[in-house]
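Asker: Pasting the relevant annotations from TrEMBL:
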- 1-101: domain 'Coiled-coil' (DOMAIN)
- 1-21: region 'Disordered' (REGION)
- 44-68: region 'Disordered' (REGION)
Amino acid sequence: QERRERERKLSKEMAEKATRELEKMQLQEKAEVMYKEWLKKKRAEEAEKKKKEKEKEKEREAELQEKKARSEKIFQEWLHNARNKPRPVLNGYGFPRGKSTGLYFYYTFSVA
């Protein structure tokens, strides 16, 4: 009878141990699945982030190109207009032969 008791106790312990190990394995499998899902989600987020960064970079490049083209056009217009503008006359009123005359000239050099 003691022998049966021991066998029963032993089989009960073995069953408990087996169920604990089974639970442990199930928990580990569940953790692995959850980790894989998390990793998949994280990688998708990273890919989305890189995609957005590339789009922003393309937008910045497009804006820069547009700005360059606009400034080049404005410069060319200015250059064209600058060639056609009349030159200032140095021998005009108050500046015969490029030198200042008149009251301003008199006061500046005679007072000093």
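For all residues, glycine too, the Cβ spot is worked out from N, Cα and C.
Note that this is a predicted model, so its numbers are computed, not measured.
Would you situate these features in the structure and describe their surroundings?
Answerer: If you take every residue in the domain 'Coiled-coil' (1-101) and average the pLDDT, you get 87.
Residues of the same chain that lie 6+ residues outside the region 'Disordered' (44-68) never bring a C-beta to less than 8 angstroms of a C-beta in it.
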